[in-house]
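If you look up TrEMBL, you'll see Y195 marked as active site, proton donor. According to TrEMBL, the feature active site, proton acceptor maps to K266. Per TrEMBL, the feature (S)-malate binding site maps to R248, N503, N547. As annotated by TrEMBL, divalent metal cation binding site applies to E338, D339, D362. If you look up TrEMBL, you'll see 172-353 marked as domain 'Malic enzyme N-terminal'. Per TrEMBL, domain 'Malic enzyme NAD-binding' is recorded for 363-616.
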Amino acid sequence: MISLNRTTFLTQMGVSGACSTSSGTGRRHPVSLKVVSMDSNGRAGDRSGSVVVENSTMNEIAKAPSPVVEVEPKSTASSWAQDAYVDDSAAATEEQIMTPWSVSVASGYNLLRDPRHNKGLAFTEKERDAHYLRGLLPPAVVAQNIQVKKMLHNIRQYQVPLQKYMAMMDLQERNEKLFYNLLINHVEELLPVVYTPTVGEACQKYGSIFRQPQGLYISLKEKGRILEVLRNWPEKNIQVIVVTDGERILGLGDLGCQGMGIPVGKLSLYTALGGVFPSACLPVTIDVGTNNEELLNDEFYIGLRQKRATGQEYAELIDEFMTAVKQCYGEKLLIQFEDFANHNAFDLLAKYGATHLVFNDDIQGTASVVLAGLIAALKFVGGSLADHRFLFLGAGEAGTGIAELIALEISKQTNAPMEETRKNIWLVDSKGLIVSSRKDTLQHFKKPWAHEHKPISKLIDAVKEIKPTVLIGTSGVGRTFTKEVVETMASINEKPIILSLSNPTSQSECTAEEAYKWSQGRAIFASGSPFDPVNYKGKTFVPGQANNAYIFPGLGLGLIMSGTIRVHDDMLLAASEALASQVTQDDYNKGLIYPPFTNIRKISAHIAASVAAKAYELGLATRHPQPKDLVKYAESCMYSPSYQNYR
């Protein structure tokens with residue numbers, strides 16, 4: 001048995017000091033260590049012929065900064081140039097217990113299969129020699145910008161959006177920096193591929209297209225062991241978790257465990273649009289079963305094959321999860337709830353908002369991005385928010401969340417109480433207009449919107465009665481803004497504001513073409529999913545997209561960089577105002593109420609700065625002193641997808 005102490009081990013790794021990772025030249029030292037498990041004495045490996053690292057060495061390396069490149073180990077202490085996995089299985093019988101372990105140093109074949117550090121053909125001649133890559137790559141050295149050009153060309157060859165999605169996911173698993181470089185530089189084209197609307201179809205077919213796990217799955221089987229499960233995740237410095245239980249995926253309903261596509265997609269946008277480091281992001285799906293019979297009978301379904309757990313069993317699992325993540329990752333961990341059903345979403349936000357840094361994108365993120373669009377739309381229609389009447393189709397998480405934030409913004413502008421500002425906001429649900437005579441049968445989150453009025457069952461009748469200046473769709477039901485509805489809005493208003501927000505595209509309340517055509521080109525329109533520009537009577541209209549991706553990446557970055565410990569509604573208002581301020585006159589000239597996504601990192605930096613400033617003002621920030629220029633500081637905190645040079 002070969003035993004390596006700290007000095008010997010680090011010398012063999014080519015490192016001086018406690019796992020130093022950079023040299024004076026600024027180039028990275030590609031050193032890493034992985035241990036699958038240790039023996040009872042706390043040492044890696046336990047059989048004759050194995051390389052053993054003393055526990056003190058392991059502890060010191062574990063405390064060192066995150067290394068840059070990870071590579072497989074060498075079979076002897078004197079030769080680290082060859083790939084070897086020290087396998088003791090040959091010496092063990094079926095009855096004997098063996099220890100699976102591995103030590104790794106960065107080089108060779110496995111470097112090409114490490115997505116975080118793989119550069120493909122971009123490895124330089126010097127790097128190919130230094131890291132044993134000769135012969136493992138074709139001779140050409142290809143710059144990253146050419147790789148991006150090639151990948152974009154390849155993705156454009158696919159005609160089916162799901163194929164493009166799968167190609168992007170494959171790239172993410174193969175070459176992380178190339179994936180983010182491609183996404184950042186072609187965000188308007190690829191955002192609909194990696195997120196809505198394509199991610200909806202991906203979740204529906206997740207079991208069929210599943211290749212390897214991209215996040216952490218916590219099911220009822222892990223109840224009582226969630227902290228242990230969290231420790232199985234290789235990254236320890238987690239700053240953002242996006243978690244779903246899959247019960248209400250977009251407008252598609254209960255997709256159970258296959259809802260994992262949503263946290264994965266959201267976190268890729270945290271990195272691409274907000275600059276949060278990929279290693280700091282953790283996608284989580286909590287699997288409590290599904291009530292989707294089609295999935296339960298699908299042989300390719302990857303989740304628990306049982307009906308959804310509810311009540312105490314569900315609450316205990318969620319509570320254990322929330323306690324464990326705070327214990328594991330600390331007070332400043334941001335937890336984003338995603339696509340929980342209404343009956344859980346509001347309760348979870350209320351319960352954990354006082355004890356954790358939590359944010360519900362369906363309730364708060366949607367509200368913030370819509371409020372930003374409405375603030376910008378005032379440029380076209382004039383007046384203030386208090387001068388307008390709002391009618392919603394849909395009274396779930398998104399609808400009531402938007403309504404509440406609008407009421408809060410008007411309250412702050414006018415100093416009027418919320419009870420007053422709510423009176424100009426009306427909601428229609430599946431049973432019709434929400435009015436006071438229905439109050440006894442309403443869910444608690446709908447009750448603030450039950451105003452005095454006669455019952456109305458149809459949307460068109462509500463439009464005629466309420467005479468709204470703003471019509472907002474969050475129903476999840478496609479084509480509900482009919483020709484009659486849009487024409488009525490246009491007859492009431494010179495410039496009707498129509499927001500068709502339901503996702504994916506198939507669930508949108510109306511299309512951009514319908515909104516412009518039926519309003520004779522007068523509508524101020526935005527949607528949840530993207531629509532192409534529309535030509536109407538010789539004029540081109542560019543529809544805006546009220547995409548949550550404008551808000552949550554910048555909001556998250558602002559919370560992280562300020563060390564904020566709780567989310568406050570004033571931070572959402574600050575994010576909305578920051579986003580609205582980024583709409584330029586050129587954007588207005590095109591009829592847009594949102595800025596183009598091509599500038600999204602700049603936009604996210606401004607949102608992050610506004611959110612952080614509000615956190616410092618409210619005394620909720622913990623990172624001191626406050627940076628003088630928060631926008632520049634936000635930009636400096638952002639992840640770069642450019643390749644690094646390796647020693």
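For all residues, glycine too, the Cβ spot is worked out from N, Cα and C.
Between E338 (divalent metal cation binding site) and N547 ((S)-malate binding site), the C-alpha separation comes to 15 Å. Least packed by the Cβ count within 10 Å, out of the recorded positions R248, K266, is R248. Between the alpha carbons (Cα) of R248 ((S)-malate binding site) and D362 (divalent metal cation binding site) lies a span of roughly 10 Å. The divalent metal cation site is set by E338, D339, D362; from the centre of their CB atoms, other residues of the chain with a CB within 8 Å are T244, R248, I249, I262, F337, F340, A345, N360, D361, E397.
The binding-site residues considered are N503, N547; of these, N503 has the fewest other C-beta atoms within 10 angstroms of its C-beta. When the Cα of Y195 (active site, proton donor) is compared against those of the recorded positions K266, D339, N503, N547, the shortest separation belongs to K266. When each of the binding-site residues E338, D339, D362 is scored by how many other Cβ atoms sit within 10 Å of its Cβ, D362 comes out lowest. Of the recorded residues, D339 (divalent metal cation binding site) and K266 (active site, proton acceptor) place their C-alpha atoms 11 Å from one another. Its Cβ placed at the centre, the residue listed as 'active site, proton donor' has 26 other Cβ atoms within 10 Å.
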